[in-house]
Amino acid sequence: MPSRKHLANAIRALSMDGVQKANSGHPGAPMGMADIAEVLWRGHLNHNPSNPEWADRDRFVLSNGHGSMLIYSLLHLSGYELSIDDLKNFRQLHSKTPGHPEYGYAPGIETTTGPLGQGITNAVGMAMAEKALAAQFNKPGHDIVDHFTYVFMGDGCLMEGISHEACSLAGTLGLGKLIAFWDDNGISIDGHVEGWFSDDTPKRFEAYGWHVIPAVDGHNAEAINAAIEAAKADPRPTLICTKTIIGFGSPNKSGSHDCHGAPLGAEEIAAAREFLGWEHPAFEIPADVYAEWDAKAAGAEKEAAWNAKFDAYAAAYPTEAAELKRRLNGELPAEWEEKANQIIADLQANPANIASRKASQNALEAFGKMLPEFMGGSADLAPSNLTMWSGSKSLEANDFSGNYIHYGVREFGMTAIMNGIALHGGFVPYGATFLMFMEYARNAMRMAALMKVQNIQVYTHDSIGLGEDGPTHQPVEQIASLRLTPNMSTWRPCDQVESAVAWKLAIERKDGPSALIFSRQNLAQQPRSAEQVADIAKGGYILKDSDGKPELILIATGSEVELAVKAAEQLTAEGKKVRVVSMPATDTFDKQDAAYREAVLPSDVTARIAIEAGIADFWYKYVGFDGRIIGMTTFGESAPADQLFEMFGFTVENVVNTAKELLA
């Protein structure tokens, strides 16, 4: 029977070989963490390679995602549908083994990692989801939600500021089933880290309220195993500090940055094989090593045992069992569509001139009663973002049965935690901050779009309309940057009806994130027919039309729709034929068929004006070079909102004059 070291060396060999064949990659971390991975995956991780979606599996996150050959080797050796040919295709076009682990490619990859610090933060979200689902569904004698979240991370993750945001919150909330392994190898790309990373990391995590196990030999299986056992027994999140040698087994490159991010080279790989006593050719794993690694039988047994537990739970608590299944499957309640449409129709029938952030809160109030899977939150701005509703109950360390997270001032952490919650399953997460401060969270929203996961962000105070707080808080280019992100659904509604439609579609959207952008100031509700209400879901529609073919089209979003309507009324009174198009979601409008888009924006009507209190340049694709844009071309100013709108040209007079110049 092969020794533990020999089993770990299988990871080292595959990692060296994969990087060498690709002629690029990172062999150092997989070789350094192979012993830890062997102990965790063979001795502790509850998973089933035949069903990577088993609901109560332990989650494993490789936060130092550049070491991707580690997880690909583990998945292959354990029996997942990841063949040796897939490993040979590492980093090649359309392979299941991209350079960094990507969710949705290889089975068993729980999240996309690579941007350092986000993996540990996703893991915090997964652990929060586990604790919340357990609090909501477990019953005495029925622990049907009961699993750990394990994460590997390196010095780079710990240097990234997001690790502070996430790990601080994890300690505050007492996430006892979160176990992190710090790959303390003292090396980063530039060399030895003591010149730029001399923190006392164990003390840092103790200050967060974590259980810290210091100075574990990352190449000693017994020490690693004892640390994991101690971690599992402690009610706090645990940091296991594993001292490792980067590139372990490479005689001339281990312990240096030379093995971090480049192939070892044929000569050094041969020397490493000799040093490790690994006598097999590239990509060749002996049968006895495969047999020891194979987790299919044990995994199927564990899942079968859990299925029996779930059947007993379902017999005792049929309603709860059906509800848990629905939520884990990502299904909406049976009456959702009918009730949601009725709510929207009622809003249209009962006009209210309110801020769209208030309209958003009203939508939460109406929809939230149907959605126990909501997991809301805000980055310390709940009274401003209006993200709490009557059914909101805050999560606390000793009571996780609620549905609202106080993230504190942690925009980036909040957004990446929400990605983890969404990936875990069982919840529809929404979070919030001022639109200006989505900048802090941008990369996590990009990751949500890349992974195609549901992450609903409420971004309020959407323009110079927030007024006196000034340009530090007034967004200008942010809406455009969200719209330019692939697979991002971005909504800027003009009233309570469009706001409710935006919320409904964000709740229904399971294949990507949604940015819902709301105003601080009150907005007038627009009259609509039932057909127009239905057309809101198309992202852009004719809100007010001319008699006969229009000679001018005004396109507007959010707070500027009201302005466009008033300008159109004045121009119409002066004999002009003017159409107003409300376009709350440009990406959604762009997905409509050509006939619909042509019906709304006829190509032979070239006199067009776009009006939005955001960066002007975005709108050229809709108005053309012959059109006009009334938008922002500079940062804002500190002043009352009405003065700012006048100063920057968002007035009926300016729209009317611009239209007349265009039509002249």
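In case you wondered, yes, glycine gets a Cβ from its N, Cα and C as well.
According to Swiss-Prot, the feature substrate binding site maps to HIS26, HIS260, ARG357, SER384, HIS461, ASP469, ARG520. Summarising the annotation, Swiss-Prot assigns site 'Important for catalytic activity' to HIS26, HIS260. Taken from Swiss-Prot, the feature thiamine diphosphate binding site applies to HIS66, GLY114, PRO115, LEU116, GLY156, ASN185, HIS260, PHE437. What Swiss-Prot records for ASP155, ASN185, ILE187 is Mg(2+) binding site. The active site, proton donor annotation in Swiss-Prot covers GLU411.
Among the recorded positions listed (HIS260, SER384, GLU411, ASP469), HIS260 has its Cα nearest to the Cα of GLY114 (thiamine diphosphate binding site).
For ARG520 (substrate binding site), the Cβ neighbour count at a 10 Å cut-off comes to 20, with all displayed protein chains included. Each of the binding-site residues HIS26, HIS66, HIS461 was scored by other CB atoms within 10 A of its CB, and the lowest score goes to HIS66. All protein chains shown were included, and the count of other CB atoms within 10 Å of the CB of HIS260 (substrate binding site) stands at 23. When the Cα atoms are compared, PHE437 (thiamine diphosphate binding site) and ARG520 (substrate binding site) turn out to be 15 Å apart. DSSP assigns ILE187 (Mg(2+) binding site) to a strand in the three-state reduction. Close to GLY156 (thiamine diphosphate binding site) in the fold, though at least 6 residues off in sequence, lie ASN64, LEU116, GLY117, SER188, each with a CB less than 8 Å from its CB.
For the binding-site residues ASP155, ARG357, HIS461, a Cα-Cα cutoff of 10 angstroms around HIS66 (thiamine diphosphate binding site) retains nothing. Under a cutoff of 8 A between CB atoms, and with a sequence separation of 6+ in the same chain, the neighbours of SER384 (substrate binding site) are ARG357, PHE434, THR460, HIS461. Looking at PRO115 (thiamine diphosphate binding site) and ILE187 (Mg(2+) binding site), their Cα atoms lie 18 Å from each other. The Cβ neighbour count for LEU116 (thiamine diphosphate binding site), using a 10 Å radius over every protein chain in view, is 22. HIS260 (substrate binding site) sits 8 Å from ILE187 (Mg(2+) binding site), counting Cα to Cα.
Look at the Cβ of each of the recorded positions ASP155, GLU411, ASP469 and count the other Cβ atoms within 10 Å; the largest number goes with GLU411.
For ASN185 (thiamine diphosphate binding site), applying a Cβ distance below 8 Å and a minimum sequence separation of six or more within one chain yields GLY28, ALA29, GLY32, GLY154, ASP155, LYS243, THR244, ILE245, ILE246, GLY255.
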